[in-house]
Amino acid sequence: MEGEPSQPPNSSWPLSQNGTNTEATPATNLTFSSYYQHTSPVAAMFIVAYALIFLLCMVGNTLVCFIVLKNRHMHTVTNMFILNLAVSDLLVGIFCMPTTLVDNLITGWPFDNATCKMSGLVQGMSVSASVFTLVAIAVERFRCIVHPFREKLTLRKALVTIAVIWALALLIMCPSAVTLTVTREEHHFMVDARNRSYPLYSCWEAWPEKGMRRVYTTVLFSHIYLAPLALIVVMYARIARKLCQAPGPAPGGEEAADPRASRRRARVVHMLVMVALFFTLSWLPLWALLLLIDYGQLSAPQLHLVTVYAFPFAHWLAFFNSSANPIIYGYFNENFRRGFQAAFRARLCPRPSGSHKEAYSERPGGLLHRRVFVVVRPSDSGLPSESGPSSGAPRPGRLPLRNGRVAHHGLPREGPGCSHLPLTIPAWDI
């Protein structure tokens with residue numbers, strides 16, 4: 001969210017960079033600041049840090065979108081929400097990271113008014129959509145695990161929920177988009193290394209009264225950070241309590257659920273808890289600075305220190321969250337990890353025709369249900385969540401597994417180089 005402080009980070013506050021102090025001319029009441037906010041080593045450090053998270057964000061989240069969209073077995077409720085998180089992270093990487101980096105390096109706002117509004121709006125909508133999506137994931141897991149007999153959330157309802165999430169994100173960020181504007185700072189100029197002067201512009205929220213900004217910041221903090229994350233904590237605490245209990249009878253009078261299924265569900269919950277926890281910690285410093293600016297009554301030197309050094313780091317940490325989610329998926333989830341590997345292997349190994357097939361078996365009642373196994377080639381990517389592609393997914397208690405993970409059915413393991421021998425993966429394992 002650009003222009004966080006009541007006086008924007010790059011406005012008429014005294015700045016000192018590159019060994020050149022801000023100078024004020026009493027006779028004309030003019031203030032001159034260095035064009036760049038930091039020395040060359042500090043600026044280089046910021047550029048490398050932002051470039052790293054930008055590349056991680058673009059590559060990782062693009063792969064997540066590719067894996068989920070390419071494989072219809074990944075079209076599940078939880079994976080649709082994960083896809084929505086990846087889309088919001090991509091928006092942050094495309095529209096917010098570059099402009100924020102340049103804004104943190106140069107004194108003043110170097111872009112036009114439209115970019116000022118777009119950057120602030122997209123960043124605010126992305127963080128709002130992310131936290132609302134995390135709440136939706138927690139609710140969906142809560143219903144599946146704590147109340148397994150209730151009607152499951154369908155894929156269609158999940159897509160409607162995602163549309164509502166973005167509508168709410170746009171609604172709550174509209175005041176910021178309206179008030180964000182670029183203004184010229186009177187009697188304040190930037191001076192470059194060749195002693196050329198430039199007018200100073202600032203991108204900031206021009207509220208009619210300062211108190212209105214405080215109210216809006218407090219509303220944002222409570223509605224898109226504090227309250228949603230408190231709800232997530234309660235949901236996952238109930239889920240953890242349920243998973244720690246002994247497995248009960250399966251629906252339809254089936255035997256007790258396979259303990260391995262509970263462990264798999266627990267791994268899914270661990271991954272989702274890590275995503276929510278990392279989101280909380282990543283955005284906490286930026287929210288703390290926003291509240292400090294509005295309620296702290298900082299002096300000019302303190303505000304200079306916060307805006308020139310603290311805000312760039314807080315922005316970087318918040319943006320790093322958008323880059324870390326794919327790493328969390330790959331670490332905790334085997335199917336996403338296989339999907340990442342397959343995406344890179346596909347460029348080296350051509351995919352043969354008919355490399356993807358399904359096995360079906362008839363279950364009691366005369367209905368054909370998708371069996372536990374989905375036979376895929378190594379070039380195929382991940383598979384759906386343990387909740388299954390729909391509420392009618394088979395119960396994990398009846399799934400024959402070998403070593404609790406993958407049954408190879410006597411096929412040799414994949415050797416060096418490219419191999420097209422199929423691996424059988426539990427389709428319900430997220």
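Cβ coordinates are placed from backbone N, Cα and C, and glycine is handled just like the others.
Bear in mind that the values here come from a model prediction, so they are computed numbers and not experimental data.
Annotated features in Swiss-Prot:
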DISULFID  Cys116-Cys203  disulfide bond
CARBOHYD  Asn10  N-linked glycosylation site
CARBOHYD  Asn18  N-linked glycosylation site
CARBOHYD  Asn29  N-linked glycosylation site
CARBOHYD  Asn113  N-linked glycosylation site
CARBOHYD  Asn195  N-linked glycosylation site
TOPO_DOM  1-43  topological domain 'Extracellular'
TOPO_DOM  65-80  topological domain 'Cytoplasmic'
TOPO_DOM  102-117  topological domain 'Extracellular'
TOPO_DOM  139-158  topological domain 'Cytoplasmic'
TOPO_DOM  180-214  topological domain 'Extracellular'
TOPO_DOM  236-271  topological domain 'Cytoplasmic'
TOPO_DOM  293-307  topological domain 'Extracellular'
TOPO_DOM  329-430  topological domain 'Cytoplasmic'
TRANSMEM  44-64  transmembrane segment
TRANSMEM  81-101  transmembrane segment
TRANSMEM  118-138  transmembrane segment
TRANSMEM  159-179  transmembrane segment
TRANSMEM  215-235  transmembrane segment
TRANSMEM  272-292  transmembrane segment
TRANSMEM  308-328  transmembrane segment
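Features as recorded by Swiss-Prot, highlighted on the structure.
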residue : record                      : DSSP class
Asn29   : N-linked glycosylation site : coil
Asn113  : N-linked glycosylation site : helix
Asn195  : N-linked glycosylation site : coil
Cys203  : disulfide bond              : strand
Cα-Cα separation of Asn113 (N-linked glycosylation site) and Cys203 (disulfide bond), in Å?
8
Integer Å distance between the CA atoms belonging to Cys203 (disulfide bond) and Asn195 (N-linked glycosylation site)
24
Summarise the topological domain 'Extracellular' (293-307) as counts of helix, strand and coil residues per DSSP.
11 helix, 0 strand, 4 coil
Return yes if the transmembrane segment (81-101) and the transmembrane segment (308-328) have at least 3 CB pairs under 8 Å (sequence gap of 6 or more), otherwise no.
yes
Take the C-beta pairs under 8 A between the transmembrane segment (308-328) and each of 44-64, 118-138, 159-179. Which stretch has the highest count?
44-64
Fewest other Cβ within 10 angstroms of its own Cβ, chosen from the glycosylation sites Asn29, Asn195
Asn195
Within 10 Å of each Cβ, count the other Cβ atoms and name the one among the disulfide-bonded residues Cys116, Cys203 with the highest count.
Cys203
What is the number of other Cβ atoms found within 10 Å of the Cβ of Asn113 (N-linked glycosylation site)?
14
The transmembrane segment (215-235): which same-chain residues, six or more beyond its ends, come within Cβ distance under 8 Å?
124, 127-128, 131-132, 134-135, 138-139, 141-142, 172, 175-176, 205, 207, 276, 279-280, 283, 287, 290-291, 294
